[in-house]
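These features come from TrEMBL:
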type	residues	note
DOMAIN	5-119	domain 'Response regulatory'
DOMAIN	145-374	domain 'Sigma-54 factor interaction'
MOD_RES	ASP54	4-aspartylphosphate
Amino acid sequence: MTQIQVLLIDDDDHMREATALALQLADFDVRALPSADEALHLVGFGFKGIVVSDIRMSGMDGLTLMNRIHDLDRDIPVILVTGHGDVQLAVRAMQEGAYDFVEKPFTNSHLADVVKWACDRRALVLENRLLRAAAGHPDDIEQRLIGRSPAMIALRDKIRAVGPTEADVLIMGETGTGKEVTARALHDMSPRADKPFIAINCAALPSMLIESELFGHEAGAFPGAMRARFGKFELARGGTILLDEIGAMPLEVQAKLLRVIQERATTRLGTNDSMPLNARFIATSKENLEDEVAAGRFRADLLYRLNVVTLRVPALSERREDIALLFLKLAQEAALRYRLDPVDVPAQITTAITDRDWPGNVRELRNAADRFGMGLGIGFDNAAPDAGSGLLADKMAAFERTTIANALVAHGGNLKSVYESLGLSRKALYLKIRRYGLDRREYSFDESDS
Ligand SMILES: Nc1ncnc2c1ncn2[C@@H]1O[C@H](COP(=O)(O)OP(=O)(O)OP(=O)(O)O)[C@@H](O)[C@H]1O
């Protein structure tokens, strides 16, 4: 396997140099940077390594950096370094997609272990990507878009048919149904699979910034544009551009976008020189864009240009038969991610989740499955159809809380002793402490934590 580069970001010079040296001594290929902005620039250009970043930094913090990196490539493992006892931030980091966290003060060997796991995982993902691209017709799509309903089978068939073509695609569907997953599957099945996948959330960008974010700008293009900046479109370089929530794009930007799609060329703000653009466009929308056209909020010509191929991702309410399988697979995935024991889903929970409405669709179901996989229960109040099971769940939670609180008292707040005595992993204990609102400092005899 090729050596995976470790990008280390810390604004504390002393800490950064010491950590870089420790990783170099452990034979890693390390590149150390003092700021998240510099790191982001590097990751923007097809970075194939992993990232280790301090979470608290002046300027952009580690969590924001991680989210920006994952906008570019979700498969880049990000390890965040958290402060001593900063449990809440560590848990948040994991929930937002960190590969792992390392709490200060850490030993060099612990850091090296975590970095090694992340590098191995990254190498595996890159190898799979190459294999998939070489095979031309990858078929891991059933793992990514789980579901045995006729609607999901039909969707997967369409993705297999359209993916390898050059056609631009419009993906419609309610929130959380899997539109972005569909877009990534289309990209991965295309000959562009080894090129960048640039996801742009049109709804998250303020209209003032959207043009310069998409097209970039030259220095002096507008007041405040001190330096030239490349646009997201320029990053595509033979890959795919996902325009998420395209319905939120302001009308004037829609006109410019139409020109870009038709001419396959992009122009930075503040110049007339256009650059050729080799990219496939995929757009998603929650709204019915024909209604938006009728309401004067969306350009008809852009819609006609985009909807040559339209895929509709069904809501969970249209495929209730998929709910149980999705929940089980997602809960098992969560348990694996947190390195916890495998889970099984009891029948009454399967009934409860199948009967319930999921307005947030798979995203909402996934959150519940994540909590369940972490051993934190089902995560919604009317979890079970009969009061008996709800009561049982409450009693079990109360028992668990008391047991952990007692163990904290018995061990004077020493977390290592607590998780060892309860047979829990470190992560599982952290998650439960947060879930039950326990503050270990109330139980500490001293400041030690190991
Ligand atoms: N069929 C599926 N099988 C497994 N996971 C899925 C499936 N559909 C969606 N997911 C998961 O559900 C979450 C939401 O999916 P995604 O972001 O693709 O939805 P979306 O339709 O783009 O949402 P939004 O419109 O709110 O942006 C993701 O975590 C995704 O991995």
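Including glycine, each Cβ sits where the backbone N, Cα and C put it.
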Cβ contacts of the residue listed as '4-aspartylphosphate' (under 8 Å, same chain, 6 or more positions away): ILE9, ASP10, ASP11, ASP12, MET15, GLY62, LEU80, VAL81
DSSP-derived helix, strand and coil totals, residue by residue, for the domain 'Response regulatory' (5-119): 53 helix, 24 strand, 38 coil
Confidence summary (mean pLDDT) of the domain 'Response regulatory' (5-119): 90
